[in-house]
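In what follows, a single structure is set out as structure tokens and then discussed.
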Amino acid sequence: MSRLFRAVIMGPPGSGKGTISERIARGFGLQHLSSGDFLRENIASNTEAGVLAKTYIEKGLLVPDHVMTRLLLPRLEEMTCHSWLLDGFPRTLAQAEALNSSCELDLVISLNIPLETLKERLSHRWIHQASGRVYNMCFNPPRVQGVDDITGEPLIQQDDDKPEALVARLRHYKDVAKPVIDVYKAKGILHTFSDTDTDRIWPYISSLLSAKIPTDIADAQRASTH
Ligand SMILES: Nc1ncnc2c1ncn2[C@@H]1O[C@H](COP(=O)(O)OP(=O)(O)OP(=O)(O)O)[C@@H](O)[C@H]1O
Ligand SMILES: Nc1nc2c(ncn2[C@@H]2O[C@H](COP(=O)(O)O)[C@@H](O)[C@H]2O)c(=O)[nH]1
């Protein structure tokens with residue numbers, strides 16, 4: 001069995017994490033594991049962790065580290081046959097230390113996007129809450145305004161995507177993400193990308209992954225996803 005490739009993508013709200021994660025999953029066959037999607041699944045299934053997580057998410061707070069690690073690490077340890085890209089975890093140093101004690105990462109992508117760009121993007125972000133599918137009226141609009149392409153259900157805008165909430169979210173992101181970024185920089189696996197346009201960043205990320213993901217792993221992943 002070929003070795004697995006394990007990567008993480010980090011970035012502030014609206015940085016394009018979800019957008020780029022989907023392109024990486026499609027282009028390189030990595031399993032896209034979104035902590036937000038995983039939490040939404042647990043909330044929808046009314047699990048004990050989901051009920052607890054919901055009380056934090058509704059207040060715009062991060063879910064406690066021990067809840068996140070207890071939820072995610074067993075899921076990652078089960079993935080012995082598929083390379084993956086983790087999106088939205090780790091967000092704190094405690095989460096990074098728990099992840100690092102559980103598995104070795106090959107690469108961390110960090111998106112460093114200007115505040116004004118984040119504000120602009122989030123002001124046009126619409127979400128299908130049940131699936132986590134993300135749209136943007138300027139960048140990737142739904143086929144029919146206001147409804148999800150797959151289910152036809154209404155789209156919503158998150159309260160904490162509003163400009164007045166973003167500055168606080170961004171400050172908190174920078175505070176908790178900096179020690180995580182420092183850990184991966186020290187490990188020599190951090191790659192940072194800065195631009196105002198995801199389509200301009202994507203070719204560089206794609207080239208990096210083409211260089212970093214061994215051909216046998218990429219071929220095996222693509223074969224297993226088709
Ligand atoms: N690793 C994590 N640790 C703690 N809380 C988390 C984590 N991942 C997600 N959450 C909680 O779940 C919520 C939804 O996560 P999700 O990534 O979908 O949204 P988000 O962080 O607002 O995304 P974006 O960065 O695109 O705005 C977060 O706002 C946060 O409250
Ligand atoms: N106008 C642009 N919007 C973009 C770009 N890349 C992503 N997006 C949209 O912004 C939000 C945040 O992205 P996410 O992947 O972090 O959720 C979302 O609505 C995307 O559709 C871009 O280059 N220009």
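Using the three backbone atoms N, Cα and C, a Cβ is placed for every residue, glycine included.
What TrEMBL says about a protein is an automatic prediction, not a curated fact.
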Further binder of ribonucleoside 5'-triphosphate named by TrEMBL next to Gly14, Ser15, Gly16, Lys17, Gly18, Thr19, Arg125, Val134, Tyr135, taken from the candidates Thr198, Thr215: Thr198
Pairwise Cα distance for Leu61 (AMP binding site)/Gly18 (ribonucleoside 5'-triphosphate binding site) [Å, integer]: 19
Tyr135 (ribonucleoside 5'-triphosphate binding site) versus binding-site residues Ser35, Val63, Phe89, Arg91 - nearest by Cα: Ser35
Nearest recorded site to Gly14 (ribonucleoside 5'-triphosphate binding site) by CA-CA distance, among binding-site residues Ser35, Val63, Phe89, Arg91, Arg169: Arg169
For the region 'LID' (124-161), residues assigned helix / strand / coil by DSSP: 3 helix, 12 strand, 23 coil
Between Phe89 (AMP binding site) and Gly18 (ribonucleoside 5'-triphosphate binding site), the C-alpha gap once rounded to whole angstrom: 12
Candidate with sparsest Cβ neighbourhood (10 Å radius) among Leu61, Val63, the listed binding-site residues: Leu61
